């Protein structure tokens, strides 16, 4: 029968409806949310067509307004059978720098795609440069402004002549430019794409390597990207941090070399020389005894990457890793650079070679060959965090150290479980969040705390309220699963420009891939992101049964040959698996325990044991191991004194003490005193080294160390003496020695290696040899270039003071610098006399003043400084209270004046300014703001508030005359209470800030920003 007209119409209508429904479903599935000319970051394809090639798929599903090409960066198939194609965009055969798209393909279909991919490309993009490569290179070198570049060194000449090996894989040639397209400041904004030259510039003084992008039209610097990321026979390594460890070494010509190929591929160098020993046991004294820790740490890291994640080395291709210790270019730090991990010595402690630091640095290599996260801003913070995650995971894998603290064996530390402890944020843009356009490449070592805390919560769980006022509750899934989620997110989903929002998407998808949609692992990863202020909580109930690791695992009643192991019971579980082994063994002894404790017998005296326990869950899965270590008592009743007691890295105010460990002993008592004193200061040390600080220059000290023997008696003392460096009476007199734990403001001066350095930025952790400092000059030691003396502030009123100092013979002009104590940028003037009236000040404010001059030898004298507080104009609550002093440590209950307010310390041990927390604001020194009700308290032209009076919104215009930094807008009522505050990133120059008044009742207030105030009237509609 022929179809009728109606049947044809019905058929066509049905077809149209089906097509419409498919298009609607597709639109809902892969709907594109354009933001600044990009495709949606993550796209899910529920009904994607058969996958033929990346080129054909991108051409069909990622159409742009202009034709573009793609470059396949890598292709990997994981253990779930998903193949991941990592792509980069190209235009006119030039790559679009930092663009990246990942296609996830299973069963020849694209199941999802994610990344930063440009859709709306400017039609007017230049295709050829307007300036030459030579001119662009000169602009790049002018920007870097180094004293010496790698291609100018004698080392480069020797390598090129074949006189020296290139074991660090360094390119010693002058950089050549590559034409690429990149956005200004690397912003994700298609309208800012431009043609640029990219140069890899390697400088040795100061030591930096970075990609510098130069506009190929104007010659302006568009972006800078740091490329330095700041950690076969059987042998034995007597490691400095972990005792004796088994290692694999290479024997050749009667020597044993710390190198291996085959299952692992790396070699250890002592600066420029291969690391070797005349026996298969590697050991040393002083700093040298810590160097072999790097080699053992590389074995551990290589092994867990292979065993736990199926990765063959840092790049999954088994490429060689060069391990360099005793590198003079990296003191007080460690870094990863182009397949080389370098580890420096410490100026006030033991070398930067613990396992978590080694794992941290090699993990930078994993990131650099997978997600390729740019070392700047949020992506740089993620880069640092993943290195912290896998650095601490290395300790978990080897069953040593504190798996929730980075650097517990050295002086610099970061806490995964409580980032705020070391001034890192635990909430996205919360307390301690660093400006992403500021120093430290946009706060990469600070803002990493957010992802660190996510990892801790995903593993361990926790509950509370974050800095955004959001309550959270996370049920942890254990370290192993948290690490698997982190690794998959890094290597399968994150791209070079990913920030915290993309990280949330990545960890959720990683958890779904590994454990299923709606799994409790997905819930943990999602809720942990909510806890750190990124996205919403998991919706609904997760679909599997929690199977957490045992809690309370501990060892007690430890003797020379036995110990009792116990743990907390799990409801409904009667039988547990207990396993133990010596730390040097690879094989566990397994016991089945019906109960929650077991006594181990027949152990070896003075030996460290690894213990782990787990159980079978009600759903049939097996819980993760809970792990501990313990050491049996030594049967050596001689109880001899420790050996190898020595003192190194001696400065004017600090020294490092170390000694050889005693088998079975983990805790020592160190005592020290000035030789002229009668009593010692005692310190318990968990390890075999300790950094002494706060010492007096040119003073002799006595040091002694002992421990408690297995029979409960104290050992004999080991004794030594040393003398701190003298201050020389010269140009460094009165300046503090650089302290890696101190926070420095721009302009602060310190002594380091007998030289004076001045901070260029507000800085924490980075040593004076880094690019964040400038060298002022040497300590002359002869007194010819000393700081001025007699600097005082007198005749102090509410708005002025007289500054004076002793004149220096032959000096006709001085540099007079000043700032508010709460500020970070100095204003400097040249004055011609040794007295200076200081006027135009604000009442009740603390000010810093510093004076220096140019010496006859051309060097700059160190600063002399004085701090004073102007009168408050009344006799209120600040009378007699000292101003806050930078660097001073305060105890609970101490009160200070800061920015015209009275603060009280909540806890002891505070050294940071009151606006950083753990201080209580007791109100303004003036006793309130009621006197301002009829007028404006600050007529500074730097602050403008409008409209005023205001209803539900007010605009703030503020001229910031200091460097870019973090600030706060506050609205204060008549009794001095803050009724509203808003954190802001203050850019240098004019800032325009919108403030919502919806939560502020009608009335008269003071709006304050950065110490400047304006009267604000809020009205009701």
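A Cβ is built for glycine as well, from the same backbone N, Cα and C atoms used for every other residue.
TrEMBL lists 1-27 with the feature signal peptide. Positions annotated as active site by TrEMBL: 361. Here TrEMBL flags 445 as active site, proton donor. According to TrEMBL, the domain 'Fibronectin type-III' annotation covers 549-635, 641-729, 787-873.
Note on residue 361 (active site): other Cβ atoms within 10 Å of its Cβ, all shown chains, come to 30. DSSP places the residues of the domain 'Fibronectin type-III' (549-635) in helix, strand and coil in these numbers: 0 helix, 40 strand, 47 coil.
Residue 445 (active site, proton donor) sits 13 Å from residue 361 (active site), taking the Cα positions as reference. Taken together, the residues in the domain 'Fibronectin type-III' (641-729) have a mean pLDDT of 83 on the 0 to 100 scale. In this view, the residue listed as 'active site, proton donor' is surrounded by 21 other Cβ atoms within 10 Å of its Cβ, with every protein chain counted. Helix first, then strand, then coil: DSSP counts for the domain 'Fibronectin type-III' (641-729) stand at 0 helix, 38 strand, 51 coil. According to DSSP, residue 361 (active site) sits within a helical segment.
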